[in-house]
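> Mind looking over this structure? Questions follow.
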Amino acid sequence: MASTGDNEEEYHSSPEEAEEGGGDDVDRMSFRSASNESDNDAGADDDCTYGDSDSNDDCTYGDSDSDDGLYDEYEEEGLEEVDDEGGILDEMRFTATQYAVLTMDELRARQEEHTARVADLIALPPALAAAVLRHFKWSAQGVWERWFSDERKVRNAVGLREDGSALSMAVNDATLTCYICFEVQGPGEMRSAGCAHFYCRGCWSGYVRTAVGDGVRCLSIRCPDMACSAAVVRDLVDDVADAKDAKRYGEFLVRSYVEESKRLRWCPAAGCDRAVEFDGEKCTVQLDAWCACGHGFCLACGEEAHRPVSCDTVRVWMEKNRSDSETAQWVLANTKHCPECRRPIEKNHGCMHMTCSPPCKHQFCWLCLGPWEKHDGGNFYNCNRYNEAWAEGKYTEEELRRSQAKVSVDRYLHYYERWAAHERSRQKALEDVAALGKDGSQREAVAAAFGVVETELDFLEEAFRQVAECRRMLRWTYAFGYNLDDPAKRDLFEDLQSQADKSLELLHECAEKDRKDLVAEAAGVRGAVADKYLEFRPKLSSLTAVARNHFENMARAFRDGLAEVEVDPAVAARRAAAVPPPLPKDDDDDHRFDDLRM
């Protein structure tokens, strides 16, 4: 449900085709279930689109007249004009307007409100309206379109009476015999699911207990009579089941509301029972959502937050990490086949004399794969001779295959190691956020060392939050780079990645190393670093803003498909020559850079 202020809630979900298959015939005491499969459509893997920004303080690439474009941007930011409310907090506030984080109590209230609206619409009790809503994946729009176009068909599919009755439960008004236990029951002692088949409370309780024990299928059970398809709904369950079973049934109903809805997702963090609701139709583009527990994930694909790369890139990368193909690639890169039986062999000793395992027992040379008899006893030995065929690129099929496999493994490891390393650094930054945040273990000590009140350290917490977000973004760029095949775009991508990485390292070093150095210097001498603190704070705030702008610029470039970003020719030339960038030659630039580095 999408709330529109004071207006009525709008329902955007498209109708789903109802499944009309009935439950299989089972024994009388085993519960009967109607077919009602969950919607398993995965979120689309389209790239996320973000609004353009015309902010004047955005970083630009390729406009510098010198090789120190990165350093010029520090001057553009200005050390004194930094918005302490910017950075990752602003980004989270903006995206938070597109979704809502709901607790279990809020989910139940939202579900009851949703059900009440539809109950009024189709003139049914809330329990029966909930059964109709669940049949249409909790889509009010689907109920609207299908109920008023063919109400009879919907009633048959859900298990409602065709005569228009709105009974969710009936009580016997005469003495009857329970056809499960065959005991005679007086008036008011038996219940039915709105149909003519009455059973005693004890049999109903056992029936519901069996159904609840089977999981979420309990939401689809029907009347125990094999010839009846009347739906067993919440009103009847609450009346006949014990407190434990009724509670579990209610929990399954809330789970159904989240898991079968197109607009809701559970937070995937361990131990978190909150859900996130998208404000609109089903989320089909990358959109990072942040739960109240602090975990971020994508509403479209359910993976961890991965801006600025697309859901498709993440899916391919994660499949690569989970696949067994790398094991096969390692075997190709680190083993050789016995020339006789073709069994793969790994060399685990220093000697080049190899003997294949039984029953082959072929002896050969590890270097040239030739028979060992040609190397032993002073016979012709050609392993030390340069092979002209290699120089001319004339590899054997096996040699070529092994060489290509080794290159493939090395390339994968290059990206994976950096992907994993940035995640480790991100976790460390999050630990620093917790330690320096409100009620953090280090906040009081750092404030005392700097000679300030604790409230003045918010800029330090914000810096580490920005570091954590930048680490996360930079981490996923390596997944993108692994799957990037266009050479022209690769140059643009690596230039953006390099500059963002450089600004991030300056920020992280200042927040971590410079801060610790100042605290250590102030140990035992209160107020000794007051002047240095006055320099440290604007410097760190400025570096935070610079890193933020670099990464936002990189995210916009990803959004645009790396199509309109210009690379400074000097930067491209340095990259091609694989030499480190020179320091600025202008004296003023030197002094400015030194000031920033302290």
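Glycine too: its Cβ is placed from the backbone N, Cα and C atoms.
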> Can you say which of 139-161, 300-322, 323-345, 576-598 is given as region 'Disordered' in TrEMBL?
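Among 139-161, 300-322, 323-345, 576-598, the range TrEMBL annotates as region 'Disordered' is 576-598.
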> As a test of reading the model: what is the averaged pLDDT for the domain 'RING-type' (178-224)?
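Summing pLDDT over the domain 'RING-type' (178-224) and dividing by its length gives 94.
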> DSSP helix, strand and coil counts for the domain 'RING-type' (178-224)?
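So the counts come to 18 helix, 9 strand, 20 coil.
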